[in-house]
Amino acid sequence: MAINSPEGTRDLLPDEAKFWAHFRDTAFGIFARYGYQPIETPLFEQTDLFVRGIGQATDVVSKEMFTAISGENFKRVMEGGTIKAKSRLSLRPEGTAGVVRAVVQHDLVPQGAAPAKLMYAGPMFRAERPQKGRQRMFNQVGIECLGAEDPSVDAEGIIMLMRFYAAIGVPMDATRLLVNSMGCEQCRPKYREAVREYMNAHAEHMCEECMRRAEINPLRAFDCKNPGCAEVMEGAPKISDYLCDDCREHYQAVKTYLDGAGISYIEDPTLVRGLDYYTRTVFEVQVDQGMGSQNAIGGGGRYDKLAEEVGGRPTPGFGFALGYERCALAIQAAGQAFPSAQHCDIFVACVDDSVRAEAFSLVQACRDAGVTAEMDHQHRSLKSQFKLADKVGSRMVAVLGPDELAAGEVKVRNMSTHHERLVKLDQAKALLAQFGGEPFGGAHASIEDVFAGEE
Ligand code: AMP
């Protein structure tokens, strides 16, 4: 039986793989204008990093982490043995913990330094029940800014994210930005207590899971999809009534910056997000078009205590992550197709096998000159070589036969105008050699100039 890709994973076939690269490059291009620099961290980290950073009580850590274990350690565990903490590894379920760990480990924000602004892109792993827009391995693009607690950091982060969505083709009229402040260690405990008391008073209408949550982290009940719980939680105390003066001021400043940039948002005092590390600003971007129940295409917030949680000095932070796959669904639903990954400047077709060596050398000369060139590798007929040239979207086909070769020529057909020209092989190769891999266009001649010849 054939083996398929694991449940909850997707192959990005060439058209989509190319779109993903474009998606990432567009994001990085925009974020770089805001001073963000790329960082790459391992796909797996010590499990403890996620337990301490994201929180043991979160679903992401308690239920959804993929544990990575070496063959030797696996054997040890299977035989009832234990393994050292540093050998307990998990595939990263999100990017923030790893980036913050790297910032602390390499001291990227020494005391008094400017903030470290970092961006990343790559796969994340969560053992969730797969459904539309929810996978076990998915791609995220994200940013983290460490070392500044000013609300301007939060606001510029949100603004650049919204600019990116618009640039990549997410339908902005079907998109909404929700914002909230979750307070800080001064004001949130009182709020959490108030929610817990409220939940206990309404326990008979709430699910068991929520009541279990009430003990560990009652705020998580705001995310419960159970209609009974949702109804009860609508009447729950609002964080906005509990924010301390500093948090209220910070939140107000973020909103003022967003207003100034013309970004519309909805204040949602029930937005708590799934991870424990958030303080103050939290936000989420949702799209209605083309999505199943998983309509969050990105989100993030401030995490002023996370660096300390993972053993660093106090370093305020802000970050977000956006999910590539859900954005792609929204973009496709808005009628945008992935542009074809196929691109070919010239296809060199052989009339028979006697010219293959020369065709091979011409194709190579084109590629060395920075031209995308292709030839047949299956000894097809000339007719089917033309079909293949069409399929790969070739702009020109160079036909090489024994007669042309004897005359030192090649016949070049422009596939859109159907004009044919005879081109001197030596001349074309000499022109190609001048380019030496420099991109065509601009000051250079084009591939059409190389194969201009005579009509
Ligand atoms: P989170 O780290 O949960 O805030 O996720 C940030 C973004 O990643 C979400 O808004 C989604 O777009 C995306 N995302 C999170 N989990 C998944 C998943 N299981 N499958 C696909 N995309 C996901």
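Just so you know, glycine gets a Cβ as well, placed from its N, Cα and C.
Caution: TrEMBL annotation is automatic and unverified by curators.
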Identity of the L-histidine-site residue among Arg76, Arg126, Arg129, Arg134 (reference: Glu94, Gly95, Thr96, Gln140, Glu144, Arg273, Tyr277, Tyr278, source: TrEMBL): Arg126
Binding-site residues near ligand 1 among Thr96, Gln140, Tyr278 (Cβ under 6 Å): Gln140
Three-class DSSP secondary structure - Gln140 (L-histidine binding site): strand
Cβ neighbours of Tyr278 (L-histidine binding site) where a neighbour is any other Cβ within 10 Å: 26
Whole-number mean of pLDDT values that fall within the domain 'Aminoacyl-transfer RNA synthetases class-II family profile' (30-339): 93
Collapsed DSSP category at Arg273 (L-histidine binding site): coil
